[in-house]
Every structure is written in structure tokens, then in C-alpha cells.
Amino acid sequence: MYSVYDRALNEIGDDNKYQKRFDVIYHLIFMVFWAMAYMNIILALTITPHECKIPEKPKNISDIEWKIINIPSKEDIKGELKFDSCLIYANSYKNNETKACLEYTYDKTWFEKTVPSEYNWVCDKELYVANIIAYSKIGEVVGSFFFGWFSDVYGRRYTYIISIITLFIGRSMTLVVGNSYVLFSIICLIGFLPSWTAPFTLSAICIEMSSSKRRVAIARLRFISYSVGLVIMSLTYWWIRDWKIFIIVTTLPLLPFVIMSWKMIESPRWLYSQGRVKESLTILKKIAKVNNKNIEADTIRDILITKTVDKSQVFGVLKLFSTRRLALNVISLLVICVFVSLSYTQLLLSSGEKTDGNPFLDFAWQATMEIPSVFIGAWLVDRIGRRYTGMLSIGVTAFTWTSMVIRESSTGGWIRKWWVSSVFSMLARLSTTVAFYLLNLLNMELYPTCLRQTGLALFTVINGLGSSVIPYVMFLGRRYDPRIPALILIVVSLTGVLASFILPETLNAKLPETLEEAQYFGCKNKSYKLKELKPLRQDQHNA
């Protein structure tokens, strides 16, 4: 509905200098710095190759012979000799009794220092890293709920201020609490509590003072800036090599935004919706001044006498499963959500542990692949439809994980080349990000307004829980068989393809606007050809 607020926004310019300046400062510059600060701890927690520190070698023996005498070894699945990372022989020349390492030596080819290498969080303490990441992901879930509620009740401005300060303090404090696993876990959890609150809040403020036509451009700019931030972050660590200096360098750029956070405006639309029309009008006039526009006197008068009442109705999570068809749609979306969270997190975390090539370049190349994925996803969903886009993108990811299993099982040939692993990872990152783009679109299309927040909240929970599992999957891969993560993800990917096949097509279909329409959306869409899809009719409610 076209309100007096929309009229005022049109008069002051809803796609003008103020909005574009906001984009440059926050959706471009801030987003790059935020991405580095938010994700830097993930690279800092990389577990690098390590072995037990052995006694000094005598002069009359080779390095490899001395290593065989002191460290237990066995053939891996490729038939190659592999030394144990956590055990050493109690007596160098008897080789009949082993003991845990007292000291470790770390491969410093790429990383001079990481958190695990500095505090020896390896072997019997290797789960420390998995636990920290898992706790942090759960913290994201809790924080998303809290800040989502806080933003609606207390406004966008305070939400942004608190979230950015929390992130800055959380990352800064990791520099001084590393000696304590418990304190480090708590500080990491605090740093992840804001989740994506700051970027989403800034986007909400911008969208609520802009034309609806700018929404796609805002989302794309934010997404691209985030990917650029990840690229810069990985290359920065490659240059610095020490995790503490790296954390400082990638967190400090946020300080000016923390200091200036008090200057952030409140969303004029949120103020208007809360009945605080005078404050809303003040901000609208500020925007108008920058845009060299004026608000008409009649519009000002109408704003001041407006009484806003929020009549939107929101249902509980059980309503998402109130009919068989709606439950099937929701479960299918959640299965795709599990696929995206597991696949994306696995790719993100494993790139730092790459041992057959440059882990920083691998991380950077993967992040770069997210940029074209946005445009590819947007093109595919409109060209071949949502369902086929899901089946294609998830199917490609299943192919890449299968290829990785074959690679890990091979003993030689071109598939063992370092660049092959990078190509597979980049392709998986691209296809997974396309699926993520699709998932966000379907979350907006399959849920009516009354169920959208509930559906997004459930999506956040499943995404966080799925991400928290991956550190333990990677632990199994390091300890027992490197093929385990890929095998698990093959199964998840194939399930995701099936879930995408089950979903109703939303391209060119009448989308559900009420709870009743959502409960039966897709019941009659038996055909899988886009041209034969039929929009939902009123008489389908009785199906």
C-alpha cells in the first residue's frame, strides 16, 4: 500500500546522493572490513601439519632413517608412508612401545603461527578447535534470534551499534585469552553472537529509505564486498603469517566504524511504523538536504497526523507443519539448508588446511568464485526455474565431492596434481553458493508474510546447527580417513537433489499470500514443465 511515508520518500529522492553515499561507505568499505574481522578467527584456528619433536639426530644417520626410528609410521590408503602426528617411540631403538608427544614441531611452510600451533591444540586437544567453532556457530543462532528481536523492538541504530562493538571486542580479546581454552571459547562465542546482524541492519536501514528497485543492487553489492573482504583477508595472512598480528591487522579497520557508530541514523521507516513520526520526519529532512530536495508542506502535515498500527499477524513454528503439503515444502527447504550449511562450511574450513598447495590462494580463489555465482544463480532461476536450478547446482556439488573421494583414493596420475583439488573446491564453492542464492529466494517465495519470519528463524537454527557439525566431521577425516567428509557430503548432496525435485516450482506461479494458500501451495503442480505450471486457484484450498 502506498503510504504517506512512501510519498515523502519519493519527494526527497529514494535513489539519490544520500543513498548512494550510504552504499559506498557501508555496503562497500564497511562490508570489506567487516568480512575480514568476522572471518579472521576461522583462518587463525587452522590446524597445520605437525609431528612429535624427536631427539637430536646423530651425524651418521639420515633424516628419514632417524625419523623412522623415532616416530611410528604406516601406509595410508594411497600406499604412501605416513608418520604418526601424535605418538613417538618410548625407546628409539626398540620400536615396541609408544607414548604421546611432549613437544611438537609444526610445518611452517605457510603459517608461522596459528592458535593451535601456539598453544599445542593438537592430538588429544585437537577437539578444542572443533568445539570452539561449534560453540561459535551455536552462538550465531542465539545471536540471530536476540538481535532480530532487539532490532524490531528497539530499532536498527542501537542494534548496529551493539553488534559492531560486540564483534570488535570479541576479536580483540582473543589476543589475550589464548592460554585458557575456556576463556578463548567464551570470547569466540561472544564475537560470533552478532552473526550477520551489522550488515543486515545496515541493509535494512538503506532499503527502508530507498526505492524498492534498489534492493537487488544492495544485496549484490553487499555480497560482492563480502567476497572481496575474504580474498584480502587470506592474502593478508599469507603476508603476515602470525595469527596475532593477523587478527590485529584485520580487526583494526573496524575501529573508525565503532567510534562513528553513534552517528548512525535510525531507520525513518521504523520510526514511522512505531508512531515516532517527528523523529522520522527529522531524518527524512536530513536526507532531503543532502539530495537537494524538499518535502511538500502537505506531506509534512499528513505525516504529523498519521497514526500507525501494526496489524501483521505472525504464527508459531508448528504452523509450518500444519498440512502435509506445507510440511513437505518446509522439510525440503530445510534439507537444502542442511546441504548448503554443511558444504559451505566444509569448503571454508578445509581450504586453510590444504597441504598440497598454497592454502591462502585456495581460500582466495574459492572466495572469488562467490562473485559470479550471484549472477549465475540469478540467471538460472529465471531461465530454467527454481527446482531445476536447485537440482543442477546441488548435483554439480555432489559430482565435485565424488571427484574428491576418487582423488583421495588414487595413488598417482593427473588427478593427484595440486591444482585438481583447487579446481574441484572452486567448482563446489560456486555451485554451493548458487544453491544458497536459490535458498534465500525460496524462503521469500514459499512463505507468506505471516510465516516468513518464523520460516527464516527456523532456517537460521538449522543453518547454525548444520555448520556446527562440520568441525567434528573434519576431525574424523584428519584422524581416520580423509575421504569421510566428502562421503558424508555426497549423501547430503544427493538428498538435497531429491528435496529440490520435490519442491513446487515458483517461477511464473501465483505465490501464496495467506496461511491457507501456503498450506496447499504446490498440490496441483504435477507437471515438471515450466510452461504447464498452473497458478494456485482458490478451489485448491479444498484439495
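Keep in mind that glycine also has a Cβ here, set from the backbone N, Cα and C atoms.
Annotation comment: TrEMBL describes 32-508 as domain 'Major facilitator superfamily (MFS) profile'.
For 24-47 (among others), the entry in TrEMBL reads transmembrane segment. Through the fold, the transmembrane segment (24-47) approaches residues 111, 114-116, 121-122, 126, 129, 132-133, 136, 164, 167-168, 171, 174, 188, 191, 198-199, 202-203, 206, 218, 221-222, 225-230, 232-234, 236-237, 243, 246-247, 250-251, 253-254, 257, 348-349, 352-353, 359, 363, 478 of its own chain, all at least 6 residues removed from its boundaries and within a Cβ separation under 8 Å.
Taken from TrEMBL, the feature transmembrane segment covers 158-177 (among others). Beyond the transmembrane segment (158-177), the same-chain residues lying 6 or more positions past its ends with a Cβ under 8 Å from any Cβ of the stretch are 34, 37-38, 40-41, 44, 115, 147, 150-151, 183-184, 187-188, 190-194, 197-198, 201-202, 205, 244, 247-248, 251, 254-255, 257-258, 261-262, 264.
Among residues of the same chain six or more beyond the transmembrane segment (183-207), those with a C-beta under 8 A of the stretch's C-beta atoms are 19, 22-23, 26-27, 30-31, 34, 41, 115, 131-132, 135-144, 146-148, 151, 156-157, 159-160, 162-164, 166-167, 169-171, 173-174, 177, 214-215, 218-219, 222, 226, 264-267. The transmembrane segment annotation in TrEMBL covers 183-207 (among others).
Non-local neighbours of the transmembrane segment (219-239) in the same chain are 23, 27-28, 31-36, 39-40, 43, 110-111, 199, 203, 246, 249-250, 358, 360-361, 363-364, 367-368, 370-371, 374; each lies 6+ residues outside the stretch with a CB under 8 Å from one of its CB atoms. TrEMBL lists 219-239 (among others) with the feature transmembrane segment.
Among the features that TrEMBL reports, transmembrane segment is placed at 245-265 (among others).
Under the heading transmembrane segment, TrEMBL lists 326-344 (among others). Here the transmembrane segment (326-344) has Cβ contacts under 8 Å with residues 320, 390, 394, 397, 401, 428-429, 432-433, 435-436, 438-439, 442-443, 446, 455, 458-459, 462-467, 469-470, 473, 488-489, 492-493, 495-496, 498-500, 502-504, 518-522 of the same chain, all six or more residues outside its ends.
Among the features that TrEMBL reports, transmembrane segment is placed at 364-381 (among others).
Tertiary neighbourhood of the transmembrane segment (388-406): same-chain residues 336, 339, 343, 377, 380-381, 415, 421, 424-425, 427-428, 431-432, 434-435, 438, 483, 486-487, 489-490, 493-494, 496-497, 499-501, 503, selected by CB-CB distance under 8 Å and a gap of 6+ residues from either end. Residues or ranges marked as transmembrane segment by TrEMBL: 388-406 (among others).
The transmembrane segment annotation in TrEMBL covers 418-442 (among others).
The annotation transmembrane segment is assigned in TrEMBL to 454-474 (among others).
Per TrEMBL, the feature transmembrane segment maps to 486-503 (among others).
Tertiary proximity for the transmembrane segment (486-503) is limited to same-chain residues at least six positions away from its ends with a CB under 8 Å from its CB atoms, namely 328-329, 331-333, 335-336, 338-339, 342-343, 346, 386-387, 390-391, 394-395, 397-398, 401-402, 404-405, 408, 435, 442, 446, 473, 522.
Remote same-chain residues near the transmembrane segment (245-265) are listed as 30, 33-34, 36-37, 40-41, 43-44, 157, 160-161, 164-165, 167-168, 171-172, 174-175, 205, 233, 236-237, 283, 286 (criterion: CB distance under 8 Å, separation of at least six residues from the stretch ends). Per-residue pLDDT, averaged along the domain 'Major facilitator superfamily (MFS) profile' (32-508), amounts to 87 for this model.
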